[in-house]
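Encoded as structure tokens, the structure appears first; notes follow it.
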Amino acid sequence: MQRALFPALFAAGVTFLLTCLVIGVRLEQEGPNLTVVGADAETWSWIGFAVIVVFLFQLFQQPLSRLKQRLPSPDVTGLLPDHKLRARLRPWLIALVVVGLFVWPFMVSRGAVDLATLTLIYVMLGLGLNIVVGFAGLLDLGYVAFYAVGAYTYALLSEYYGLSFWVCLPIAGLLAATFGCILGFPVLRLRGDYLAIVTLGFGEIIRILLNNWTNVTGGPNGIGGIEKPSLFGLEFSRRASEGGQTFHEFFGISYNSSHKVIFLYLVAVLLVLLTIYVINRIQRMPIGRAWEALREDEIACRSLGLNPTVIKLSAFTMGASFAGFAGCFFAARQGFISPESFTFIESAIILAIVVLGGMGSQLGVILAAIAMTILPELAREFQEYRMLMFGGVMVLMMLWRPQGLLPMKRPHLELKTS
Amino acid sequence: MTETSLYVLQQLINGLTIGSTYALIAIGYTMVYGIIGMINFAHGEVYMIGTYTAFITIIGLLTMGVGSLPIVMLLALMTAIIISSTYGYAIERVAYRPLRGGPRLIPLITAIGMSIFLQNYIRLAQGSRDLAMPALVSGGIQFGDPAVFEVSISWMQLIIWVVTLISMTALALFISRSRLGRACRACAQDLKMTNLLGIDTNRIIALTFVIGAALAAVAGVLLGLYYGTINPYIGFMAGLKAFTAAVLGGIGSIPGAMLGGLILGVTEALTAAFFPSEYKDVVAFSLLVLILLFRPTGLLGKPEVEKV
């Protein structure tokens, strides 16, 4: 106890220094003058409270950790149905979820469907980044750049050449993939952490270019009035454009603006299902195996005759193309895009989704994307603290569960000797 | 001299000013990288916190009626150093130390999380608006032909050069002469061996974080006074620039970080002189990409061989 006293005092002092000036005092701007305002008594009592908590925690750390060891940890693995039963149930469950995804928008409000569409965009981005970060183990901090490339491809092609969404979707994916390839080719020879910074720099470069290339991209004002997707040429607007036909006229039903929202949602669902299917297939192909092998041990891979650069490049390109698709859809859904939507924070959110879900685990990423988009919407008063929590969650996850909430599991056999 | 050459001279002076502060921040990156091989992504936020504490101290002292400028600046410098070092220490202790020895990707993700956390922590505590302070130090020396182009060096720029020079010399002496400095160098060479020889490597690593944070705080005070405006987002860009400087000079090498900072600052100022100034960030990043492509070890760095 006495030995713990000094570290505890030290930790309490550190806590006080961390909080006293930054939280306890506030700068206020009044016209040209800056003034310092002391925080109210409540804030100071919180600071005091934090200092005392840290002090006591440090003081009793040893007895606490001993107590924790003695507590039995609950065994949750026994609660799940056994492996064979799960394998049999799996296709039925998937079918049920897919049917549910297509049916539920007709029963709920417009806002909920709209939020679900947004969530699906993040699911797609998360799955795409998961290829790069989760499978191949390459930390990409500029993922949003490919998202921006996809979005601007559609916006510009639609504005200047009048191309439709369905034509632009593959183009956006291809162009984003090309960008990924061009960027990846030189930088993928670098070690992991350099790669992170270079991709971050690339993301910033793209954003700055979009912001300043005013006569093409509209600069900070962005591009508005982007055409919405159509269903085999049927538009979802109140009145048809010249030579076009609207959805409600074709089917002889009255106009309802929620048709458009539901249609967009269904397009998103299809895109996400396609993404999941493609990634699932690729993961089981030799190239997918090679990604994971490379993540685990690059030197071993090289000695087995795999070319690390080509493998990394394929992961990078593949991830970028999904961001391109997502970006194209994002532009179509919003109808307006500006460089504001493609900041580093967006990259960090997508990364947080991948990290939280468990790197490499698809189900985990999907659930994390849902949680990350829906929770802030549900708790509006927490909106202010959203980014603070994202940062905190990223740190805490890495400290406690670096493998994520739902880590990737792989069937494996073990040799039993005896 | 002609107008162009005087104009270039002025840009060189501005570039050296910014560059020397980049160098101060870059040392924090390079020292940490040299010892534990991780990019301390939250370093830019430590710089930002240093700027905020300096502003708070200066305004606080001025309202209390302390009028003497040197005392105000010295006290601001000291407070900023103390608070920023505490942050540097706490970040290492809470977010990086428990992860030591694991895969390399994981501390990097923690560092990004920490950076986002600190940025928003300051945003919530101090507001996200730009805060502007009237210049404390004004005036300077002018030379050159007033009819052609007048080159000026402000007192603030001179202060930045002098303070940077003092900090760099102090650091160089500390690293090369003191016992702790020798321990730092030993850790950079071989962490495990140093530990076996009876040096508490955890303490040395914490010390590197503290030194890096202190230098970042010095840069924060100087740049804060130079620009006169702050917001919670300045740390991100400054951190990236300083990292570029560290890589340019060869990450892991302290003289490299100083050289890299100066080169980056001058390059940026010259770009801003001849191209639209929005593109100066693009130049910094392009420089980073080019160096990593053609000379990943930087100007003064040693090549790193990955072994099994």
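Any Cβ shown, glycine's included, is placed from N, Cα and C.
What TrEMBL says about a protein is an automatic prediction, not a curated fact.
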Ranges A:1-24, A:313-336: which does TrEMBL label transmembrane segment?
A:313-336
Of the listed stretches (A:138-157, A:261-279, A:348-375), which one yields the highest count of Cβ-Cβ distances below 8 Å with the transmembrane segment (A:92-109)?
A:261-279
Under an 8 Å Cβ to Cβ limit, what residues of the same chain, 6 or more beyond the ends of the transmembrane segment (A:138-157), are close to it?
125, 128-129, 132, 163, 165, 167-169, 171-173, 175-176, 179-180, 188, 192-193, 195-207, 210, 216-217, 223, 226, 312, 315-316, 319-321, 323-328, 330-332, 337, 339, 341-344, 346-348, 350-351
With Cβ-Cβ distances below 8 Å as the criterion, list the same-chain residues six or more beyond the ends of the transmembrane segment (A:261-279) that contact it, or say none.
98, 101-102, 105-106, 110, 113-114, 116-117, 120-121, 123-124, 127-128, 130-131, 228-229, 231, 236, 247, 322, 325-326, 329, 332-333, 362, 366
